[in-house]
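Student: Here's the feature list from Swiss-Prot:
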- 54: active site (ACT_SITE)
- 344: heme binding site (BINDING)
- 1-15: compositional bias 'Low complexity' (COMPBIAS)
- 366-377: compositional bias 'Basic and acidic residues' (COMPBIAS)
- 1-31: region 'Disordered' (REGION)
- 352-389: region 'Disordered' (REGION)
């Protein structure tokens with residue numbers, strides 16, 4: 001047999017038919033073969049911890065281009081100048097399930113964008129639904145655990161999730177989205193992304209606005225029913241990733257129109273809901289009909305152009321955080337956002353190590369000499385009125401986590417608007433999906449679910465009850 005040569009991680013060559021150094025017969029191979037130890041130790045350590053949430057994902061490279069002048073509302077270099085282009089990388093993901101789970105499962109989807117700006121990296125951490133389940137960050141671990149497999153059997157247990165929902169009514173708005181066909185939008189190219197949180201855009205004179213940005217897919221929505229999604233998951237667990245990469249290979253580059261909603265801090269207390277409550281959406285004109293419309297203003301377009309060459313190095317090692325902001329952007333007082341400012345970097349230190357920002361995927365693309373572009377000195381932030389200060393204090397009060405009427409109003413209006421917005425079949429699909437889930441829980445829990453749904457609408461509770469009990473029987 002001809003001798004072969006292999007190279008260890010140190011770069012040294014080893015020869016021999018079995019790619020091992022020549023042995024002293026009196027010693028074991030492990031005693032002498034440092035290369036074998038090297039190979040095995042590298043294999044044992046080659047995987048890193050998966051993300052606590054958003055573990056399953058896919059990513060691609062693209063660019064953001066400014067298409068509209070927004071210099072009157074922001075002082076963000078990346079957004080100043082029509083035609084300006086900024087390179088970016090985007091990672092799509094499922095949320096609660098593990099890295100090997102099917103992408104078509106009923107789940108909230110993530111869309112995180114890292115912009116490599118001249119001011120440093122600016123991360124947009126978005127979901128495909130414009131709100132979240134909870135507004136009290138202390139509930140987050142329990143909320144995630146409730147959607148994970150039962151710790152006793154490691155099998156999905158819907159009772160855990162419905163128990164959480166029935167005890168935390170602020171979840172109802174997003175639960176309605178989750179169990180509609182919005183929850184089985186498995187095609188990454190066709191899903192939109194919403195920041196969900198309010199941020200602040202600050203001008204050089206210290207004035208500022210609350211803003212919420214979102215990305216509307218130019219491919220249009222692509223919904224599947226629960227039955228179709230289940231079949232897709234059985235046939236191809238990586239369906240969304242495959243679709244994304246194959247479209248890029250064909251030269252079909254997906255794009256998103258980026259828009260921003262703007263609220264003056266003096267107007268925020270006058271709105272009939274709190275824009276710092278992430279369980280509510282900023283009304284674009286769909287619902288509720290009696291709540292102020294906050295129109296979207298077009299900023300630009302994001303287009304994906306190519307996939308990664310090394311998924312682990314370029315996508316898996318990406319570290320996103322809502323705390324990664326640039327000049328002219330600040331976080332709002334939203335408690336969930338404030339918690340995420342800590343939680344994301346902390347999770348990345350555990351997953352990728354304390355120097356995760358030095359990894360190639362996360363390095364800034366600033367000037368080569370390390371200098372920052374000159375920026376005008378920003379004036380101190382202008383202090384809004386006492387009315388605004390009193391309004392902000394609501395998020396720090398003990399009543400912030402308690403249910404209020406808007407927790408039922410928003411899901412109620414969503415339910416009523418579905419036939420108009422998406423059709424009767426879309427509304428009926430929500431009932432079917434809920435019934436299939438609720439039918440798997442004990443009788444006492446089912447009654448609790450029906451009572452909770454009745455707080456939204458009697459006809460919703462009645463329809464879910466009827467179909468659920470038919471399935472059970």
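Cβ from N, Cα, C; glycine included.
Show me how these features fit into the shown structure, please.
Tutor: DSSP gives residue 54 (active site) a coil state; it is part of no helix or strand. Applying an 8 A CB threshold to same-chain residues 6+ apart, the list for residue 54 (active site) reads 93, 94, 95, 110, 112.
When Cβ atoms from all protein chains are considered, those within 10 Å of residue 344 (heme binding site) total 19, not counting its own.
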